[in-house]
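Here is what TrEMBL records for this protein:
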- A:Asp42, A:Asp108: Mg(2+) binding site (BINDING)
- A:Tyr78: site 'Interaction with target DNA' (SITE)
Amino acid sequence: MSLFDYRRAVRLQEALSRRVLEEAASFPGLDPSRVRLVAGVDAAYGGGVQAGCAVLVDYASSTQLAYTCHVREPPIPYVPGLLAFREAPVYIKALRKLPENPDIILVDGHGLTHPRALGIATHIGLVLGKPTIGVAKNPLYGEEKTVNGRRLITAHGVTAGEILEPVKGVKLYVSIGYLIRLEDAVTVVKHLMKPGLKLPLPLHLADKYSKNTARQGYIASKKK
DNA sequence: GCGACAG
DNA sequence: ATCTTGTCGC
């Protein structure tokens, strides 16, 4: 990606974040009994290709209903802060192949806990106009503060994230993506976390499927 | 100038 | 994220 495109992408994020941060104060509360389908998206790489997968899970029973993958060449290299421009397109392609539309989407990465409040979870939420939650394995941006035993992350004047511990010694950074409140995002993620799994079920499965799919591409490109 | 930097 | 075998252990 050229320097010019980099600056253009950053300016786009800055422009969109103004709107998102205004809306954030009035993101709607969630009625857990109305949540039926949750999707998780993740990507893996191999043999020069990018494999993005989406997994559809029934929220109440935590059971897998379907999964889809889309394989393509990575559009741009990885640039910290601009992950969405590398991975959002393949996620959206995979999500459109699902047999049903999810009520909420879990994204592997950050949402508002991003330098310009426009992490990949927020980006995807804006594009699809749906509630999204960021779930990352590493911190990116924001100030951590412990309140009543909860490790909260403040970013851009918003309590935007919380650190969970799915497994002893492992941290998970949950953040507001779009159209959802932090309390609800945390409730949803906790509900989908299972004993022994480092990631909530939809992301655990998406990670597995994307790695398997990417490995096929790697093997294919290798045996020549 | 130096270090940091989701996946 | 990926490059990478076997090996230790429940």
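Using N, Cα and C of the backbone, Cβ positions are placed for all residues, glycine too.
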Exercise for the section: Quick one: give me the count of other CB atoms within 10 A of the CB of A:Asp108 (Mg(2+) binding site). Expected result: 23
Practice task
Would you kindly give the Cα-Cα distance separating A:Tyr78 (site 'Interaction with target DNA') and A:Asp42 (Mg(2+) binding site), rounded to the nearest Å?
Solution key: 15
Exercise for the section: Sort out for me which one of A:Asp42, A:Tyr78 has the most neighbouring CB atoms within 10 A, since those are the recorded positions we care about. Expected result: A:Asp42
Fill in the blank from the handout: A:Asp108 (Mg(2+) binding site) -> DSSP, reduced to three states, gives strand
Completion exercise
Spacing of the two Cα atoms, A:Asp108 (Mg(2+) binding site) and A:Tyr78 (site 'Interaction with target DNA'), in whole angstrom, works out to 14
Handout entry: DSSP state at A:Asp42 (Mg(2+) binding site), helix/strand/coil
Key = strand
